[in-house]
Each structure stands twice: as C-alpha cells, then as structure tokens.
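Taken verbatim from TrEMBL:
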DOMAIN    4-156  domain '2-C-methyl-D-erythritol 2,4-cyclodiphosphate synthase'
BINDING   Asp10, Ile11, His12, His36, Ser37, Asp58, Ile59, Gly60, Phe63, Pro64, Asp65, Asn66, Asp67, Lys144  4-CDP-2-C-methyl-D-erythritol 2-phosphate binding site
BINDING   Asp10, His12, His44  divalent metal cation binding site
SITE      His36  site 'Transition state stabilizer'
SITE      Thr135  site 'Transition state stabilizer'
Amino acid sequence: MNFKFATGFDIHKLVSGRKLKLCGIEIPFEKGLLGHSDGDVGLHALIDAMLSASGLPDIGTLFPDNDPQYKDVESIKLLEKTLKLLDEKGFKVFQVDLTFICDEPKLSPFYQKMKNLLSKKLKIDSSNIGIKARTTEGLMKVLKIDFIACFCLVVLTRKENFTVNS
C-alpha cells in the first residue's frame, strides 16, 4: 500500500462570547475559540495535515482568513471541501491522530462523539482515529494565557488501495 503522512497544527485563544467547537462537536464551556471561522483547532489541524499529505496548498491559502465567505464558517464545511479535493486527487484518509493541548475544559468526555463524527465524515472506522488531550500542568495560568491547540497526524492512501476493513 502507498501511504502519505503529514502533520497539522492549530492554536486559538479562548475568549468569552463564542461557542467552543472541537472536531465539529460543540463543547459546553463559558468560552470559545477566537477565529475568522468557528476556530475549531481540531478540524483546522486535521485539514492542514490532509492538505499537506496530498500535496495541496495549506488551509490559509485555500480558505484565507481575510475572505468574507469564510467569516464564522463552520469548519466541518471546510473539512467537506477538503475531502472533495482529496477525492479529486485520488486520496482517501486512512488514519488520524489528534492531540489537544488545553487545561480546561476537560475533553475526555467528548472523545467518542468527536470520533463518531470524524468516522462518519472521513468514512473510516473509529478504531483508525485517535483523540487525546494533554494539559500544560498549570503553565497557562502562570503565563496568563488561555488557548486550545491541536496537533494532528494524518495517513492518506490511494483510493484504489482502500478497503472497508482497513
């Protein structure tokens, strides 16, 4: 099988007055991520990794933050557009691994919902999706910063190599 690997990363500041969305799931919290779009760092990191692995331009080039059509857009729509671009190039997502960095909120109660949504959108088994979170061990409070970041590793394969049991 021919595999393509790439990583993605995104980070956004937490602010009052915004909804918090991660991997397309709304997380109940008093703050949300500041961004031109909905600020979903999980999907942004995933999209950037997918684009990189397929040899396409990065998320900022394809979906620029100064383009009014992407103002407050749901990142799940950007994922759908990215999946179409990958399909046109003959690629399919094979495996995804996401690591969130945040002190709050605790994300573990939402892992399964995130995996289920990604499994459906990516058309892969949820066992091929890893999601976890790490804290900064209180450094965010010491530094007086409030953010959520996400690292992502993506493995793509050619569509002709993909089977349902992969």
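The backbone N, Cα and C atoms fix where each Cβ goes, and this holds for glycine too.
What TrEMBL says about a protein is an automatic prediction, not a curated fact.
Distance noted between the C-alpha atoms of His36 (site 'Transition state stabilizer') and Thr135 (site 'Transition state stabilizer') is 25 Å. Of all Cβ atoms in the shown protein chains, 23 besides its own fall within 10 Å of the Cβ of Asp10 (4-CDP-2-C-methyl-D-erythritol 2-phosphate binding site). In the shown protein chains, 21 other C-beta atoms lie within 10 A of the C-beta of Ser37 (4-CDP-2-C-methyl-D-erythritol 2-phosphate binding site). Taking Cβ-Cβ distances under 8 Å and a sequence gap of 6 or more within the same chain, the neighbours of Thr135 (site 'Transition state stabilizer') are Ile101, Cys102, Asp103. With a cut-off of 8 Å between CB atoms and residues at least 6 apart in sequence, the same chain places Gly8, His44, Ile47, Asp48, Leu51, Leu78 near Ile59 (4-CDP-2-C-methyl-D-erythritol 2-phosphate binding site), listed in sequence order. In the three-state DSSP scheme, His44 (divalent metal cation binding site) falls into the helix class.
Confidence annotation: the domain '2-C-methyl-D-erythritol 2,4-cyclodiphosphate synthase' (4-156) carries a mean pLDDT of 95 in the model. Within 10 Å of the C-beta atom of His44 (divalent metal cation binding site) sit 27 other C-beta atoms, taking all shown protein chains into account. The Cβ of His36 (site 'Transition state stabilizer') has 15 neighbouring Cβ atoms from other residues within 10 Å, across all protein chains displayed. In the structure shown, across all protein chains, His12 is the one of the binding-site residues His12, Asp65 with the greatest number of other Cβ atoms within 10 Å. DSSP assigns His12 (4-CDP-2-C-methyl-D-erythritol 2-phosphate binding site) to a strand segment in the three-state reduction.
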